[in-house]
Amino acid sequence: MRLNFSIFIKLLWPVSYCDTKQSCCYPRTGKPVADFGIHGLWPQNKDGSYPQNCNPDSALDEDQISDLTSSLQKDWASLSCPSSTGFRFWSHEWEKHGTCAESEEIDQHGYFEAALKLKEKANLLQALRNAGIQPDDEFYDLGSIKEAIKDATGFTPGIECNIDPSKNSQIYQVFMCVDISGSEFIECPAVPKRRCASKVQFPKF
C-alpha cells in the first residue's frame with residue numbers, strides 16, 4: 001500500500017439515507033438491522049482527497065468473499081434500487097476504493113473482512129447509547145455525539161449530516177480513520193468537511 005495514504009471507514013445510518021432519497025429499497029434479505037451499516041472503506045490522501053479505480057483489471061471475485069456473504073448482507077447492505085443481494089454494491093466499492101487499498105496485507109477478502117471487524121470494533125450505536133444518545137427522533141448536541149464516540153473508541157470521528165424532509169439536520173454518516181493495515185483506528189490526518197448544525201436529530205429506525 002502507498003504509505004502516503006491512510007484509510008477511513010464510513011458508517012451510515014440507514015434511516016437518514018432512505019428519508020432523503022427518492023428511491024430506497026431494502027435488500028432481498030429484508031430490512032437491515034437497527035444499526036449503523038458500512039458504506040465503504042476508503043483510502044485517502046493526506047489532503048483529504050481520495051484515489052479511485054486504481055486497478056480496473058481487478059474485478060471482485062464472489063468466491064473470494066463467499067464465507068463473508070452473510071455478514072456483509074447484515075452489516076454492509078445495499079439500500080439502492082432495485083432490491084439486490086448486495087454483490088453489485090460490494091463490487092462497486094471494491095473496484096472504486098478497494099483496489100486503491102490493495103496490498104500484500106489487503107486482498108479482496110482482507111478488504112471486506114477488515115471493514116466488518118472495524119464496524120464491530122467501533123460499535124457506534126452502543127457508544128452513543130452509553131452516553132444517553134438514542135435513535136429516538138430527538139436532537140442532540142453535535143459535540144456530545146463526537147465526544148461519546150471518542151470516549152468509546154479513543155479517537156475523534158468525523159460526522160456527516162444531511163437534511164430530512166422537514167429540513168432538520170440529522171446524523172447521516174460517521175467517519176473513523178484507520179491505519180494502513182486496515183485494523184487499528186487512528187486520529188484522522190484529514191476529515192472530509194461536512195456541514196452539520198450544532199444540534200442534530202438522530203432519526204428513529
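Cβ coordinates come from backbone N, Cα and C, glycine included.
Listed in TrEMBL:
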type: SIGNAL; residues: 1-18; note: signal peptide
type: ACT_SITE; residues: H39; note: active site
type: ACT_SITE; residues: E93; note: active site
type: ACT_SITE; residues: H97; note: active site
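Overlay of TrEMBL feature records on the structure.
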| residue | record | Cβ within 10 Å |
| --- | --- | --- |
| H39 | active site | 21 |
| E93 | active site | 23 |
| H97 | active site | 22 |
Exercise for review: Round to the nearest Å and give the CA-to-CA distance linking E93 (active site) with H39 (active site).
Suggested key: 9
